[in-house]
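Copied over from Swiss-Prot, here are the features:
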type	residues	note
ACT_SITE	295	active site, nucleophile
ACT_SITE	379	active site
ACT_SITE	381	active site
DOMAIN	219-406	domain 'Glutamine amidotransferase type-1'
TRANSIT	1-28	transit peptide
């Protein structure tokens, strides 16, 4: 009897076939992804615990500084943030990759829509569980496929709660991801400390480039220490034309051509950027131009003003950190990614704290008492993350436009907007950025394969 029942099932199967036929092919391709075979992988914290899991990225070993983020979403933006250059990023969210990885599509300004830079910047990825089957209308590949294509090793199936507990108690530590082999204690000397590397030099453009609104109303110079695409978008969408300069460009020598100066985010120890600090100090001595800095830009501005910076025990990396505006008493929920902070007690007398972190009381911003200069440690452009503080870009652009108007009153012939010829000559995106370690590994493997052939 049961045999007769099961033989009667084809009609139901044909109905399912018709349903499948009505589903878009791209979605079905997502659903039908084959579960890949995983190699063994090991995540080792130097002088600390060892965690065994499965590799789902590039088949290569890597070392760097292990840091963690508690952000629930936004892994494509986080992993392409130049501020993570040289770091192994541990995600506390239990499941990562469920909405895949989008394409490198660009918007009307030529800026990447879904990434913060063209390449995956983190040295390695650590997750508790990775979604091998993803679904999102913008997705074109899985997190594992993306990591493999970018040469970045990634490990899943490890106890990220234990890892984060260790990092919170001991502080950010050097670590390594080893794929396809057992951990060897004799390899400890191979641990790479990104804090000893001038990371900003790696991620900064090597030549100026220009991005502009369709009808720019002001012209802003951006100091590129590893600028995120959404910072550029936040400026351009408010009517600014922007020319982006290398981190060590003597901006004080050309500031009179601009209506404002912006200092970007970036990776590593701020004290490595001695050239930037010097040029900013000279800029504040010789010009009244409005200045805005974010993250590393905030720290560099503080150093230029005469303050000091300190390294945090494990940093602040999340989308939900409360920061108090000391001028209004308003609390903002902010997006953050930094391992250093400004020591507010060392601010000169003509500066005052602007924001303070309500979790650890660290400084989150500063403002000049008499000039249009301010900076924030958190990211008001927040992609991903809350937009509570995005109005700071409005405040900055307003000050830029006021400065432009005041300069026009004194210098009627002054035109801060670049000539069309200059705009045509300048590049439209970063120039000469040093490839990530992952991309270097891929290039080396390709060279070796070609030589063997």
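Heads up, the Cβ atoms here are built off N, Cα and C, so glycines get one too.
Long-range C-beta contacts of residue 379 (active site), restricted to its own chain and to partners at least six residues apart, with a cutoff below 8 Å, comprise 228, 231, 265, 294, 295, 334, 335, 336, 337, 385. Sparsest Cβ environment among the active-site residues 295, 381 (other Cβ atoms counted within 10 Å): 381.
A coil conformation is recorded for residue 295 (active site, nucleophile) in the three-state DSSP classification, outside any helix or strand. In the three-state DSSP reading, residue 379 (active site) counts as strand.
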